[in-house]
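Novice: Here's the feature list from TrEMBL:
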type	residues	note
COILED	117-175	coiled coil
COILED	413-490	coiled coil
COMPBIAS	289-302	compositional bias 'Polar residues'
COMPBIAS	314-329	compositional bias 'Basic residues'
COMPBIAS	335-351	compositional bias 'Pro residues'
COMPBIAS	494-503	compositional bias 'Polar residues'
COMPBIAS	516-533	compositional bias 'Basic and acidic residues'
DOMAIN	1-264	domain 'F-BAR'
DOMAIN	409-486	domain 'REM-1'
DOMAIN	554-615	domain 'SH3'
REGION	280-370	region 'Disordered'
REGION	494-546	region 'Disordered'
Amino acid sequence: MDWGTELWDQFEVLERHTQWGLDLLDRYVKFVKERTEVEQAYAKQLRSLVKKYLPKRPVKDDPESKFSQQQSFMQILQEVNDFAGQRELVAENLSVRVCLELAKYSQEMKQERKMHFQEGRRAQQQLENGLKQLENSKRKFERDCREAEKAAQTAERLDQDINATKADVEKAKQQAHLRSHMAEESKNEYAAQLQRFNRDQAHFYFSQMPQIFDKLQNMDERRATRLGAGYRLLSEAELQVVPIIAKCLEGMKVASDAVDAKNDSQVLIELHKSGFARPGDVEFEDFSQPMNRAPSDSSLGTPSDGRPDLRGPGRSRTKRWPFSKKNKVLHLSVHPPPSLHCPPPLPPAGGPLPSTLPNGPPSPRSGRDPLAILSEISKSVKPRLASFRSLRGSRGVTLQTVVTEDFSHLPPEQQRKRLQQQLEERNRELQKEVDQREALKKMKDVYEKTPQMGDPASLEPQITETLSNIERLKLEVQKYETWLAEAESRVLSNRGDSLSRHTQPPDPPASAPPEDSNHNSQDKEGSEERPSEEGQDTPIYTEFDEDFEEEPACPIGHCVAIYHFEGSSEGTISMAEGEDLSLMEEDKGDGWTRVRRKQGGEGYVPTSYLRVTLKPYSEGG
């Protein structure tokens, strides 16, 4: 069934219906456009919300980013941001595939509808014109017939009138004949016009208008089909992002499951573990004996003579938190980088922390009281975070900490981690420069073999700059390795010092490196003669005694002294710059190496002061 057959006489109805269909299409386009604006506003608000809760600092500078809770929250924010992106994608698809295309299609439909109705109105106008012509010819035929009849009656009356002349009668007959002829012509014209109109009318109702109505029907059906497709696009735009949105929701679920409370606790320890030893017991001060009063060890201040007060086990003030309440404003000096022509910093021993020597290097296995060593540690470490009592008692006090290159402003454990990070970063940069140097060398070889590809001399500045960077990075790596060794030894010593207060210490260790049995016996006697001085605190370094249990009977290699070293402390040996030495024992990680001089005598020297070759070497050269 079609409109041309069934609705042949409903021209106005079809005109209203097609206009309603186009209006519905425009309403849907407007609806989708507003829906797109809602989606865009929703996505924009979601992104603003995510941006509001994102951390302001970079991840690498934000310690909170290491916690699984924070990482999960960041993951949720990322998933919400991705969800917002999917809403934007929905808005974009609706805007392009629905709004723009349907709006364009609506304009095309309007033009097509206008063309069809103009054609229909034109056909109607032509039919009406034919009808008017038919009416005119009909009226003319009717008028001519009446005038012919009237003329015939006039001629007949004159012919019967005896008073009429013959001329009048002939004139009346001629007029009647003329009128009769004109009426016959009008009749023929009317008949022809009627036949033509009937043919046009049949064509109009049975061919022309049905075709126009069928075109309108086809147009309306295509519009309805396209509108239905637009309805489907609304759901398809949503279904298209459903898998990704499901992944976003699944990612939020995974982020929630990734929260690890135990791991966060461990991360907090790693981030804020200072590495300091816990404060020792506060000494009882007996004020009932004025004559025997001594300065209080519980004070965190420095004695008037400027030397550390070391008076027995657990009584050193360095076992207190290395902060004084008198330190209202703390200033830490920035250590300049070591000169390229100066010896590198000396690492402390792997076991006990060394005592400071006048000429720079510390001594391994120093025979000094460990409490004195810890006192010097508290000086070298520089001020740290205040204790709980200091924090409570110094509200409003401004602590100004100047960042040092070796991170000595940080607690030992944090200093070690930062130095390790810097060392890894320098190693990566060094490897990158080495790779670049190799690439430049290969390119230079190619230029030398094939000059038309380039000038080899043009690469010389880059090669020179790369070599300079490599040397600089090597020095920095050596510098950070030295600092890292110091920091690790400091952490280990503080750990041993803390454990020694809570466990029963073993026998006191030797005060110097175990070179032979005579040294061991002397150290043992020395430790028995001063039990009141070393007591419980001396064995805190026994965990490193195993480094010196076995001594090689013959050299395991040779080494050359890079710098001059004055071994003035117990257990060390002097050496001159450029002197050849026999390597008796490798560095066990404490920064010290045992060597033997050609003139005789063995002892420890800083590893960083040597160039070591691990191969058999005779003392005779």
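Cβ coordinates are placed from backbone N, Cα and C, and glycine is handled just like the others.
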Novice: Let's see if you can do this one: DSSP helix, strand and coil counts over the domain 'SH3' (554-615), in that order.
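Specialist: DSSP classes over the domain 'SH3' (554-615) add up to 3 helix, 29 strand, 30 coil.
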Novice: How many helix, strand and coil residues does the domain 'REM-1' (409-486) contain under DSSP?
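Specialist: Across the domain 'REM-1' (409-486), DSSP assigns the residues as follows: 72 helix, 0 strand, 6 coil.
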Novice: Within the domain 'REM-1' (409-486) only, compute the mean pLDDT.
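Specialist: Result for the domain 'REM-1' (409-486): average pLDDT 88.
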